[in-house]
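**Q** Straight from TrEMBL, here's the annotation block:
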ACT_SITE  Cys235  active site, nucleophile
BINDING   Cys126, Cys127, Cys209, Cys212  [4Fe-4S] cluster binding site
DOMAIN    49-214  domain 'Phosphoadenosine phosphosulphate reductase'
Amino acid sequence: MTTAQEGRTAEELKSLAEQAGRELEDASALEILQWAVDTFGAKFCVTSSMEDAVVAHLASRVRRGESALDVVFLDTGYHFPETIGTRDAVEAVMDVNVITLTPKQTVAEQDAEYGPKLHDRDPDLCCRLRKVQPLEEGLKDYQAWATGLRRDESPTRANTPVVGWDAKRRKVKISPIARWTQDDVDAYVAEHGVLTNPLLMDGYASVGCAPCTRRVLEGEDARAGRWAGRAKTECGLHG
Ligand code: SF4
């Protein structure tokens with residue numbers, strides 16, 4: 001396997017991602033993360049929505065020499081207090097380097113420029129300003145990033161590769177738990193005592209920004225509570 005190095009071209013990264021996606025399809029989450037660390041070194045980070053801390057916990061079990069891995073959290077300014085609390089708890093108890101990204105504007109500044117409740121009137125623009133742009137800025141020095149995406153979360157995620165090419169950002173995108181089911185997540189949380197967002201015990205199956213997240217009903221898929229009633233299923237980070 002390739003060792004960590006500077007200066008790969010986008011074409012080299014793309015080819016690396018495609019090859020790894022094939023070779024690592026059956027690998028464990030820890031093996032996939034270890035490959036990412038060995039391949040990209042400090043140019044690899046893990047992102048977490050703090051819905052649960054499973055991927056952050058996995059990252060805490062993978063070493064990059066003496067350094068802990070970077071775990072990037074996007075603070076949109078609209079999170080539930082429970083989500084911020086989960087971020088703070090991860091930072092306090094896990095051996096990872098939590099990095100919090102924030103949008104250019106506070107919610108008040110955005111309201112002053114675009115009017116209040118942009119999330120109700122133009123959620124795509126709101127997500128672009130508060131999620132997509134800050135993440136793009138925050139990832140610019142990394143060659144590869146990991147997510148907690150899983151194939152069983154929704155039909156839009158059914159083909160998520162364990163390692164793929166993020167053409168929009170021209171980076172390698174790694175989903176170490178893509179093949180996991182909800183039962184796998186629950187078993188990992190129970191086995192390792194992993195922190196989870198308290199809202200998961202309160203009817204929320206997927207946790208995003210407070211104005212755009214509701215509890216799910218019986219029989220709905222995990223992401224049915226996100227942007228419910230609107231023609232939107234993804235924030236733009238993964239599409
Ligand atoms: Fe805005 Fe809702 Fe997107 Fe959060 S999820 S950035 S509040 S539109």
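Cβ atoms are placed via backbone N, Cα and C, with glycine included.
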**Q** Using a 10 angstroms cut-off on Cβ to Cβ distances, just flag whichever of Cys126, Cys209 is the loneliest among these binding-site residues.
**A** Cys209
**Q** Among all chains shown, work out which of the binding-site residues Cys127, Cys212 has the most CB atoms within 10 A of its CB.
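**A** Result of the Cβ crowding comparison: Cys127.
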**Q** Over the domain 'Phosphoadenosine phosphosulphate reductase' (49-214), what does the predicted model average in pLDDT?
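**A** Mean pLDDT for the domain 'Phosphoadenosine phosphosulphate reductase' (49-214): 94.
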**Q** Can you tell me whether DSSP puts Cys212 ([4Fe-4S] cluster binding site) in helix, strand or coil?
**A** helix
